[in-house]
Amino acid sequence: MSQGEAAGRGAAKPQDRGWAWMVLLAAVVLQGLTLGFPCCIGVFFTDLQHEFQASNSQTSWFPSIMVAVLHGGGPLCSILVKRFGCRFAVMLGGLLSGLGMVSSSFCRSISQLYLTAGLITGLGSCFSFQAGVTVLGYYFVRWRTLANAVASTGVSLGFTLWPLLSQYLLDEMGWRNTFLIFGGILLNCCVCGAIMRPIQLASGSLPQSVKPREEPGSRAEEAQLSSGASPHHPTLQQHTRRTKCFQVLQKYLAFDIFCQNKGYQIYTIGVTWMMMGFALPHVYLVPYAVHNGVEERKAALLISIIGFINIFIRPLTGLLSGHRVFTGRRIYLFSLASLLCGLSNFICIISAEFSVLILYCVILSIAMSGIGALTFQVLMDVVEMDRFSSALGLFTILESITLLIGPPLTGLLVDITSDFQYVFHTSSFFLISAALFMGLSFCALEKKNKLREASKAHLDNPSRYQYSEVSTEPKAESQSPPAVEYITSI
């Protein structure tokens, strides 16, 4: 039985207790193995360049593809979870990740790395991570917020440990043997998936909705059939295919929400633009430090510092932003974090000394914690929860496009100018402009909505008017999560 079916059948016995905490532990390890893994690629940047005689732009395509597929594979993972369940998706992802890295150790060209480490490992990490987050929603109801906050510490642990391990193995046995070992390590995702066993349902539980919801376009098909049209008629078959295609796009990619919901539109465009510069420091910080005379071990330590601070700041930021004081204002906190992230890049431009880079990593990690903790909370604020899963599909695909093209385009700029400082100039431009766009646009949208509601209330009944924010939280009587849910993190 798939997890989607389990969600529809009712509450399960082991929720919030017992085996649920083992599942949470597995989710922490899983996020460290998947989301935390791409942060270590910068350690191998220089060696891969020398091995394959590749430019900065060519080399940066490999981590860009990995991160883009990890984020953009959400709809595919969602279909897999709905059909086979979370445990199968996690274990399949572990096999793909391990296979991708083992194959990478035998690559003879940089383009082969695009397929093995980029596409195969990225897709495997996507399946494992997103299915692992989804299963938490089935095992936790009362403590769901806490469970997700604790699970996110796995990303920070990965950021801390992967670079240190990568540099040690690289010094001892070279990048090929290191990639081979990484393949074995990533196979532990299968162990985490084995722990995430399907929830056993209470006997006698019935589906929440017996009557199937009428799909868009079904009445049109019935009308054509009742008018005498044959179901095998070419025109009707073509119409049916178009209808089914539209239903799939409507379910997994919420284009209707994008066109109708101004808040979702602004936020999606802003985050997509921001991602052009967000990933650049992770890819180029280590090469930049080495290029300016910093020892390789110290350069790898910089990424670990970012991850170590994230361990403490990210959960704290997530819990604080959930306070009622910030209700309706989280978008401004997110914009502020993006602005701080962009401004922090100027520290690297001023100096490339190791002590200055440590200061940069501290400030950057604080800003990153705010972005990582608030990204999906803000999305829940601007989209109704019953459409959150489909809205997230379009959101992740668009941001994965800019995550894919950002580092290679910046690498091309570095190749032309031979100056790594342009990495941080470019990153600051996208982060600061996105922060200003989102903050000012939401401020203008809020004023416009208040004027519209005040005018409407005055016409209806001024004495009964009271402004209230629409709640996007799940209703108390429906404790189970959506049947299909795929979540990415930054």
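Glycine is treated like the rest: Cβ placed from N, Cα and C.
Annotation comment: TrEMBL describes 211-222 as compositional bias 'Basic and acidic residues'.
For 20-451, the entry in TrEMBL reads domain 'Major facilitator superfamily (MFS) profile'.
According to TrEMBL, the region 'Disordered' annotation covers 206-238.
Feature annotation from TrEMBL assigns transmembrane segment to 21-45 (among others).
The annotation transmembrane segment is assigned in TrEMBL to 61-81 (among others).
Annotation comment: TrEMBL describes 88-106 (among others) as transmembrane segment. Long-range neighbours of the transmembrane segment (88-106) within the same chain, counting only residues 6 or more positions beyond its ends whose Cβ lies under 8 Å from a Cβ of the stretch, are 30, 33-34, 77, 80-81, 112-113, 116-117, 119-132, 135, 176-177, 179-180, 182-184, 186-194, 196.
Annotation source TrEMBL lists transmembrane segment at 112-139 (among others).
Residues or ranges marked as transmembrane segment in TrEMBL: 146-165 (among others).
The feature transmembrane segment is assigned by TrEMBL to 177-196 (among others).
Remote same-chain partners of the transmembrane segment (266-287), defined as residues 6 or more beyond its termini with a Cβ less than 8 Å from a stretch Cβ, comprise 38-39, 41-43, 45-46, 56, 60, 63-64, 67, 163, 258, 299-300, 302-303, 331, 338, 341-342, 345, 348, 357, 364, 371, 375, 378-379, 382, 394-395, 398-399, 401-403, 405-407, 410-411, 414, 420, 423-424, 426-431, 433-435, 437-438, 441-442, 445, 490. The annotation transmembrane segment is assigned in TrEMBL to 266-287 (among others).
When Cβ-Cβ distances below 8 Å are used as the criterion, the transmembrane segment (299-319) is approached by residues 36, 39-40, 42-43, 145, 148-150, 152-153, 155-164, 166-167, 282, 285-286, 289-290, 357-358, 361-362, 364-366, 368-370, 372-374, 377 of the same chain, each at least six residues removed from its ends. Sequence annotations record features per position, and here TrEMBL assigns transmembrane segment to 299-319 (among others).
Per TrEMBL, transmembrane segment is recorded for 331-351 (among others).
Marked as transmembrane segment by TrEMBL: 357-379 (among others). Tertiary neighbourhood of the transmembrane segment (357-379): same-chain residues 152, 155, 264, 267, 271, 278, 281, 285, 289, 294, 302-303, 305-307, 309-310, 313-318, 321-322, 330-331, 333-334, 336-338, 340-341, 344-345, 347-348, 388, 391-392, 395, 487, 489-490, selected by CB-CB distance under 8 Å and a gap of 6+ residues from either end.
The transmembrane segment annotation in TrEMBL covers 391-410 (among others). Proximity of distant same-chain residues to the transmembrane segment (391-410), defined by a Cβ-Cβ separation under 8 Å and at least 6 residues beyond the stretch ends, is recorded for 57-58, 60-61, 63-65, 67-72, 74-75, 78, 252-255, 257-258, 264, 268, 271-273, 275-280, 283-284, 376, 379, 383, 422-423, 426-427, 430, 486-488.
Annotated transmembrane segment per TrEMBL: 422-445 (among others), in sequence order.
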* Within-chain partners of the transmembrane segment (422-445) [C-beta distance under 8 Å, separation at least 6 from its ends] -> 262-263, 266-267, 269-271, 273-278, 280-281, 284, 288, 331-332, 334-336, 338-339, 341-343, 345-346, 348-349, 406, 410, 413-414
* Asked: Do we see three or more Cβ pairs under 8 Å linking the transmembrane segment (112-139) and the transmembrane segment (331-351), pairs being at least 6 apart in sequence?
  -> no
* To do: Answer with yes or no whether the transmembrane segment (177-196) touches the transmembrane segment (21-45) by the criterion of at least three Cβ pairs under 8 A, sequence separation 6 or more.
  => yes
* Asked: In the same chain, who gets a Cβ under 8 Å from the transmembrane segment (146-165) while lying at least 6 residues past its ends?
  -> 20, 24, 27-37, 39-40, 42-43, 132-133, 136, 139-140, 286, 300-301, 303-304, 306-311, 314-315, 318-319, 372-373, 489
* Structure fact -> Mean per-residue pLDDT in the domain 'Major facilitator superfamily (MFS) profile' (20-451) works out to 83
